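Since the structure comes first, as structure tokens, the remarks are kept for the end.
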Amino acid sequence: MENLDYARLQMAFTLGFHIIFACIGMVMPFFMVVSHYKYLKTRNPVYKKLTKSWLKGVAIFFVTGAVSGTALSFELGMLWPEFMKHAGPIIGMPFSLEGAAFFVEAIALGFYLYGWDKLPEKFHWFTGIIIGVSGVASGILVVSANGWMNAPSGFDYINGEFTNIDPVKAFLNPAWFTQALHMTLAAFVATSFGVAGIHAYQIYKNRNVDLHKKAFKITIIIGTVAAFLQPISGDISAKDVAERQPVKLAALEAHFETQKGAPLYIGGIVDVEKQKVTHKIAIPKALSFLAFGDFDAEVKGLNDFPKEEHPPVAIVHYAFQIMVGLGVVLMLAGLIYLVSLKKKNWEKNKYYWLLFVLMAPLGFVAIEAGWVVTEVGRQPWIIHQIMLTKDAVTPMPGMKYSFYFYLCMYSLLAVTVTWLMNRQIKALNQNPN
Amino acid sequence: MLYVVLFFLLFSLLLYVMLGGADFGAGIVELFASRKNRPHTRDIIYRVIGPVWEANHIWLIIMLVILWVAFPAYFNIMVVYLHIPLTLVLLGITIRGVAFVFRHYDAVIDQSQFWYNWLFRIGSFITPVFLGLSFGALISGKIITLEAYPDSNFYDFFIHPWLNLFGLLVGLFYAALCAFLAATLLIGESEGVARNHFSKSSAIFTITLVLLGFVLLFYGYLNDIKFVRDFIENPIAILSVVISGILLFPLWKFIRAQRRIASRNMAGIQVVLILFAAIVTHFPYFIITADKEISLLENMAPQATITNLGWMLIIGGAVILPGLFHLMKSFKMIKVLEKS
């Protein structure tokens, strides 16, 4: 593998790592303030205990997200100096706003963490809301910068020079809204089902059931709502990609020949050499309908584009299948929860809880797969149709070692954080005060 | 608007050097504390720095964003040629940040505290050293660019510019400055044994700082480092440093008189003067490579970007600064001494 491949691997790995922590850091504050609100209403000490233990989780995830985010803001430049040199001045606006939002979040977290019994109750609770809102704002802003890479706008590209820069237009690029909506909902789905699964496991093991049931209820409701909204946002995204990045749409469907009334492939094994997808389920005309809202619309195939502009088709196709498949599974899990509201005796069944334990990691797998779709699907471009990824990479050789260095560091960090969370939960069950 | 952007760049640099520095310094003070002094150091650091340390480090990100948005060519040189030391800075920031949180938020207190403590202390020490190494590399005239010297090897491009004695001296100087700031801050938040300990370490770090300052200037002068030569020949820079040195006497007086706020202000002014001296010497030529001096203001981002960034910074500042001030007021100035 070349330097470029290692640089890409490192970027993928560190982003993939950061996304998990960022999502949890973004969504968990909302669970925390809901539980805190219930405590203020009912004065039931169980809610206070739950709030405080979630808060410890938020603090640990926030700091891990913050340091990995700091690392990323360096890495963007260190791995892709040519990209940042030109893109920096154009997409500076979301990044500078993100800096501000992140700052607000850190300030609010400082108040919330250290403000118990020191600040007025309502103000203290309100600082928790600010943590959540500014966290979500940060996420949206960063995704908007990524949207610009998919839908570059706010400049004229003349003879290899970026001129007439309009930072606001670049910020509000055509992809920002669809991507930000999809990602925010995804963060809510993944984190809610993730946290719900952890509490379901404790109920399954019959530990401190009263507290864990309260925790499960708060998280699963938020998760279910988000899971049902996600397909709508997915549909908006698909139509947007179909229009702006037809080659990406063709890759994620492994759709080789241009065709009217194109079928939708579910699953399947891609053979790029023979341009075939075997072992699939094909739904006639469905792709045309989903992409353009018309059963007979023409969907461009990969062969309509020069070969050197094709993204790695198989990876993108598989990742897309995984993302959509898991999204559907989580929606069904949400449905099971809704039904269980009527059928009270389900809760007594151990397997009911085990089911939600199994759902815990799926949302995060779907998020990673989704990012593979959007990032690998954009290749070979770093800025769609403007700059190639290989022209942006650092001139420094030896990225191999850098990649392994980050791999070790972040793996160690992930193991430590998991271990710490486990200790938090154990401590929560041991001291019933 | 360019002035607004420059103001925020220097402002966040200053705040990062001071607040982030006091933060690193706290870990350095703990690193060099004797075994019996460590427990109280650990507790006081948590109380004083806990609520604000995350905010302190965001100044680095603000600085970084301003650099890459408004001064992309400058940022480009830093990230290409200082790839390795900046990676090590990141390693340090990561280690000490997570270790600090882990040691205070781990639900179980056991053997693992030993690791958290050491990682926090060592991380706090190496991070400012590597920051200093990186800054030293920018001003030492040792960076050679791929365009100017296409035939050089990996060592010449990516290692030699930062890994040298001058860089190390700059790094140690910054680490000592951090420890000096932290010790001064901690004196005001402690009493009894702890107070004596911090007073002693404050004195030791002040002496180290002054000595390192002299060695740095001397070494730079003897080795013909342009930045140091220009620094010594610049009357304003020298005057600032001399005033900063003289202010040590009132600082000691305030510390002995237990005037916390006055002593903090004094230490702050001293750091501002040192930073001012370094900036005034070479503004705006902060990158000195082997063959040329590069101005911050050349190859800037276009006007539209600068204007936009300026407004974003003004809006962001209007939201953040009052909140931050309130946060510091609420927690940092806990009235420990008045209580007793």
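Keep in mind that glycine also has a Cβ here, set from the backbone N, Cα and C atoms.
Residues 38, 41-42, 45, 48-49, 52-53, 55-57, 59-60, 62-63, 66-67, 70, 96, 117, 120-125, 127-128, 174-175, 177-183, 185-186, 198, 201, 204-205, 268, 271-272, 275, 279, 313, 317 of the same chain sit 6 or more residues outside the transmembrane segment (B:6-32) yet have a Cβ under 8 Å from a Cβ within it. Look at TrEMBL and you will find B:6-32 (among others) tagged as transmembrane segment.
Counting only same-chain residues 6+ beyond the ends of the transmembrane segment (B:44-71), those with a CB under 8 A from a CB of the stretch are 5, 8-9, 12-13, 15-16, 19-20, 22-23, 26-27, 29-30, 78, 93, 97, 100, 104, 185-186, 189-190, 194, 296, 299-301, 305-306, 309, 313, 324, 327-328, 330-332, 334. Marked as transmembrane segment by TrEMBL: B:44-71 (among others).
Here TrEMBL flags B:77-102 (among others) as transmembrane segment.
The feature transmembrane segment is assigned by TrEMBL to B:114-139 (among others).
Marked as transmembrane segment by TrEMBL: B:159-182 (among others). Listed as Cβ neighbours of the transmembrane segment (B:159-182) (distance under 8 Å, sequence separation of 6 or more from its ends, same chain) are residues 17-18, 21-26, 28-29, 32, 81-82, 84-85, 125, 128-137, 140, 142-144, 201-202, 205-206, 208-209, 212-213, 215-216, 219-220, 223, 225, 267, 271, 274.
Residues 29, 32, 165-166, 169-170, 172-173, 176-177, 179-180, 183, 228-229, 231-232, 241, 245, 248 of the same chain lie 6 or more positions beyond the ends of the transmembrane segment (B:203-222) yet place their CB under 8 Å from a CB of it. The transmembrane segment annotation in TrEMBL covers B:203-222 (among others).
According to TrEMBL, the feature transmembrane segment maps to B:234-255 (among others).
Long-range Cβ contacts of the transmembrane segment (B:267-288) within its own chain (Cβ-Cβ under 8 Å, at least 6 residues beyond either end) map to 10, 13-14, 17-18, 21, 74, 77-78, 138-141, 143, 177, 180-181, 184-185, 226-227, 230-231, 234, 236-238, 240-241, 243-244, 247-248, 251, 294-297. Look at TrEMBL and you will find B:267-288 (among others) tagged as transmembrane segment.
The feature transmembrane segment is assigned by TrEMBL to B:308-327 (among others). For the transmembrane segment (B:308-327), the residues of the chain that approach it from at least six positions outside its boundaries are 1-2, 4-5, 8, 51-52, 55, 66, 69-70, 301, judged by C-beta separation under 8 angstroms.
Residues 21, 23-28, 30-31, 38, 42, 78, 81-82, 85-86, 88-89, 91-97, 99-100, 102-103, 106, 161-164, 166-175, 177-178, 225, 227, 282, 286-288 of the same chain sit 6 or more residues outside the transmembrane segment (B:114-139) yet have a Cβ under 8 Å from a Cβ within it.
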